[in-house]
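Heads up, the thing below is written out as structure tokens.
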Amino acid sequence: MADLEAVLADVSYLMAMEKSKATPAARASKKILLPEPSIRSVMQKYLEDRGEVTFEKIFSQKLGYLLFRDFCLNYLEEAKPLVEFYEEIKKYEKLETEEERVVRSREIFDSYIMKELLACSHPFSKNATEHVQGHLVKKQVPPDLFQPYIEEICQNLRGDVFQKFIESDKFTRFCQWKNVELNIHLTMNDFSVHRIIGRGGFGEVYGCRKADTGKMYAMKCLDKKRIKMKQGETLALNERIMLSLVSTGDCPFIVCMSYAFRTPDNLSFILDLMNGGDLHYHLSQHGVFSEADMRSYAAEIILGLEHMHNRFVVYRDLKPANILLDEHGHVRISDLGLACDFSKKKPHASVGTHGYMAPEVLQKGVAYDSSADWFSLGCMLFKLLRGHSPFRQHKTKDKHEIDRMTLTMAVELPDSFSPELRSLLEGLLQRDVNRRLGCLGRGAQEVKESPFFRSLDWQMVFLQKYPPPLIPPRGEVNAADAFDIGSFDEEDTKGIKLPDSDQELYRNFPLTISERWQQEVAETVFDTINAETDRLEARKKAKNKQLGHEEDYALGKDCIMHGYMSKMGNPFLTQWQRRYFYLFPNRLEWRGEGEAPQSLLTMEEIQSVEETQIKERKCLLLKIRGGKQFVLQCDSDPELVQWKKELRDAYREAQQLVQRVPKMKNKPRSPVVELSKVPLIQRGSANGL
């Protein structure tokens, strides 16, 4: 029966994988719902306050670029050729061979540069033209040949073109997507969890599918009780920090994190799914690798280490078991549990795996940095070639003996190693950090320039264009079955409790890596959801044409901000009422959807603007004179933050203004009133008073 269950789990998992690759959007079991277009009023202020409404910020985001591109290509004729030129350059930069670049560079020059020069309409500098011409004459076609044009294209786009984008519906759509992104609160219900694919000290790893996009991931679940039992709280939190540091920027050689979230019992990392097994497994199945095969793996691992070191992260646990293969056979560095940030303070702890640890790591009290990883790389490459670490002779398992040999033994390299390989390993395995390859001031570049890698084009390595030595078999789960992986004994943690103080440790654990979420959405459901939302909004506009749209009321007035919130202002009401709110310098107005009358609350009536919590949901509490309360609930975190800020600012400024104006005796206070007409307060005045 157990065998049958294992087979069914494998089949289900493999089917999910195949469908996810073909049509991930069709596999989405939940839909992303974009908020109303009116969210723009709140989100634009929220993003502006954080310096996010700039050309550089929006153009560098995947969804921002796609919407800006759509606007330029379809709605702004003068920007269309600039964006087309930009996209052709980006395609050129990804070409694999010099021959392809020679042909394509000439085509780009003729179509986008020479044509404009002949028409006397070339909007770029003479320096940019001469730069490209000079290289083409010499038949030099580096990937960054057109970089001067990239800079000038962006310069031309960041002025009037960007301003027109900000005023367009495409920026409204950007605000809608950013609101969704900034309000992500993941739970287990957001994933379909498949079979177990691995187990570690604190928990287990499963294959899973994200419900709203259909994308497949690995879910690493750490048991909070097991963490507490092993006093591993610092390690668990450190792994989340290290993953957040290395998971930004383009690096296909690290198992990166897209999300982190928590449940009452677990901490979960959502990671890149690697289906090809690890190098330790393949070493045991395949036998030792040739120099050429090892070179292929080494090159990709070096780029992974370079990405970490550029972010001041030292990995500290490089070994074949931590190098995972994807379905195509390319490798990624996994498991950052022992990684450390050395940007402010160098570590000195002796951590890692015996046989791969650098001498400075083994020596107590000695500080180190990325140097440790280059020594470990030398040990690992030796193992791929010989089947054992250079300091683990005769299969000894005595850790003290292995450490002693690491600190004292001069490594003897076999005569069968090529001179280039010997040079590389001798450089990496130097006990003296000041003489070690990778530690002489230029980091990974020193290793990449080793004669052993002379035959490689590092751009081709980065683009994963070289065929890998080993392609994992398709249609198989390259992991042990659930029975062999085993499970934890729940009796171990039966008596362990998790009081509030323990849960508080993980309060800031949840995280979404923005660029990875945007990439996931762009690859799966972006076009579908945009098309559906366009249809819904068009229908709603037609429906609201007679009554007028809620946003129209704010036009031409001194409205600070407007948008939907839910209110609970009447003591006899127990349900939330969704209303459209308008914040003015001296009052807050609201109305129901499709309703003409407004309700009004003046700033003079408000005593304070506070944050409260109702049924574990953050709300805004407006205390009103006479002991009354007015509670508001927002649909998303950014809305709550911005409404709280703007209400407090308006209230404070109104109070300051009142203090400057002489008080009138016996003036009655205005109650909360229903308005069927424009209020007597002059709406078009500078401050409404």
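Backbone N, Cα and C atoms are what each Cβ position is placed from, and that goes for glycine too.
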Candidate sharing the ATP site with Ile197, Gly198, Arg199, Gly200, Gly201, Phe202, Gly203, Glu204, Val205 (per Swiss-Prot), from Lys215, Lys220: Lys220
Within the predicted model, mean pLDDT of the region 'N-terminal' (1-190): 89
If you draw a 10 Å sphere around the Cβ of Ile197 (ATP binding site), how many other Cβ atoms fall inside it, taking every protein chain shown into account? 24
Largest inter-residue Cα distance among Ile197, Gly198, Arg199, Gly200, Gly201, Phe202, Gly203, Glu204, Val205, Lys220 [record-listed ATP binders, Å]: 15
Who sits close to Gly203 (ATP binding site): which same-chain residues at least 6 apart have their Cβ under 8 Å from its Cβ? Lys220, Cys221, Leu222, Asp223, Arg226, Asn266, Leu267
I need the most crowded of these binding-site residues: Arg199, Gly201, Val205. Count other C-beta atoms within 10 angstroms of each C-beta and give me the top one. Val205
